[in-house]
Amino acid sequence: MSRREDGRLDDELRPVRITRGFTSHPAGSVLVEFGETRVMCTASVTEGVPRWRKGTGQGWLTAEYAMLPAATHDRSDRESVKGRVGGRTQEISRLIGRSLRACIDLNALGENTIAIDCDVLQADGGTRTAAITGAYVALADAVTYLAAAEKLSDPRPLSCAIAAVSVGVVDGRVRVDLPYSEDSRAEVDMNVVATDTGTLVEIQGTGEGATFPRSTLDKLLDLALASCDQLFVVQREALDAPYPGALPEPTSPPKKAFGS
């Protein structure tokens, strides 16, 4: 099998690295790297929920995505300077929020909000899928923080892990984890969000330059799910280490041992 421009096989991910505790203030903070794509993902906990959620006893999770002006070769203006958030930014923000809400029991949060912020420091394709993969780890750390603060009605509100990856058809070949040089000329481009239980959260796929048959779709999904399995391993290895900061001290008195 011939190799790609960066030396990888068609079914090979770029080197993936997840660094927890990247910044010190949020409950969860992660730097995720897929090759040259680097995204900072944070999970901040705030008291209260949106107005339409008040009085339900349920929490909420929301997400925002943005790219730094110099994340790509050509600098782009900040959207705050333009005075409006672009359609692509809104779409990806909503995708990240939907993906992470699929794995958490919002009832367990009480009326608290977890705000996910994904900021692309450097873009080389696959920024939204890298953001989802890293944001899950930041979310897991935020849940650990909430548990230590005794704000969870269920100490284990996460039902599964979430990861995402890009797949596509480039030069007639099914490939995974497309860098910009491949993504920009792909005949088929797809993003897949999956759980570690083998189910799908979301599929975004388009024929950029041509239509494609069902058999190609099956190959793309098989490759995406196999690659997500590898990402789940990276996530678990990152989360095996202790929480990378100071946890709040419990406020309730310790329970007395039976018979004491």
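A Cβ is built for glycine as well, from the same backbone N, Cα and C atoms used for every other residue.
Around THR127 (phosphate binding site), taking its Cβ as the centre, 24 other Cβ atoms fall within 10 Å, counting all chains. In three-state terms derived from DSSP, THR127 (phosphate binding site) belongs to a helical segment. Swiss-Prot lists ARG88, GLY126, THR127, ARG128 with the feature phosphate binding site.
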Consider each pair of residues in ARG88, GLY126, THR127, ARG128, all listed by the record as binding phosphate, and report the largest Cα separation in Å as a whole number. 14
Output, ordered by sequence, the same-chain residues six or more apart from ARG88 (phosphate binding site) with a CB under 8 Å from its CB, or 'none'. none
By the DSSP assignment reduced to helix, strand and coil, which category contains ARG88 (phosphate binding site)? helix
Show, in sequence order, which residues other than ARG88, GLY126, THR127, ARG128 on the same chain lie with their Cβ within 8 Å of the centre of the Cβ atoms of the phosphate site. TYR65, ILE92, VAL120, ALA123, GLY125, THR129, ALA130, ALA131, ASN191
